[in-house]
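So the structure is just underneath, and the comments pick up after that.
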Amino acid sequence: MALLTALVAFLYHLPQVYKWLLKPYYIASLFMSVAFLAVRKTPGICDHLPTQREDGNACDFDWREVEILMFLSAIVMMKNRRAITVEQHVGNIILFSKVANVMLFFRLDIRMGLLYLTLCIVSLMTCKPPLYMGPEYIKYFSDKTIDDELVRDSRVTWLVEFFANWSPECQSFASVYADLSLKYNCPGLKFGKVDIGRYGEVSKKYRVSASPLSKQLPSLVLFQGGKEVMRRPQVDKKGRAVSWSFTEENILREFNLNELYQKSKKLNKTKGDKISQSQFPPVPEEDETEQQGAEAPESESKKDK
């Protein structure tokens, strides 16, 4: 049953996965991930490779290579248990496949290891992961606009994501955050983003570390009346981020988005009613119009007399 569910999920997401694989980043990463497999299994190339197998077959994995690949599979399975999007699953497989390839190539031949490591660095510098370009209701802040926007209207609640474009976690979370903005955005509850990798002053002011070793990316902060109410992940007294999973369910529960959304809709409805009443005069009731119509002939008859 579990296998059938996984198969159905894969077939459901197949068109989306197919589009991702056509992008240059994923094409290059796919070739880099299977590089050692291709070298070890390609006839004419594998025949000249060293091997530690007892039968001397250089075109098959030895026991140490199998051990490294099994360890890679275990690590990928552990990391993917916390993955929340298909992009994160694919990203984990690509990342740890490259790490395993580096180890395998260096073990095979130090020159091949150096060549593969160089290709990984060049690929990392020239081929960036694709950014999320789907629909969203999100306002992007700069270092000059974020402070003014948060205090512009005290009735507006802001949920702001502090992110960095180079962070894989932020890239994976982009689609989840965009989907939340489509569902819950309203005049009283708004969604914002600010790139602290670009605006360092914002990073310092709101105490979100932009270091590559930081566990604070992404960070979600809820503002009401321009003041911070809560943030995830939390930061302990030593400045270390407490591990937190950025799933839609966790965000809805921790930030009470359903309750905030309902309150924001009521606030806007009340505001709209007051505006309409002030702009238009009250409509007279039917009894009052009938009385006025009855009094008019009497006054005219008195004038005739």
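The backbone N, Cα and C atoms fix where each Cβ goes, glycine too.
Predicted automatically and left uncurated, TrEMBL annotations should be read as such.
Sequence-distant contacts of the transmembrane segment (25-43) (same chain, six or more residues past either end, CB-CB distance under 8 Å): 49, 59-61, 65, 90, 93-94, 97-98, 100-101, 104-105, 108, 112, 116, 119-120, 123, 127-130. Positions annotated as transmembrane segment by TrEMBL: 25-43 (among others).
Under the heading transmembrane segment, TrEMBL lists 113-132 (among others).
Summarising the annotation, TrEMBL assigns domain 'Thioredoxin' to 148-229.
Annotated region 'Disordered' per TrEMBL: 268-305, in sequence order.
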Could you give me the DSSP helix, strand and coil counts for the domain 'Thioredoxin' (148-229)?
26 helix, 24 strand, 32 coil
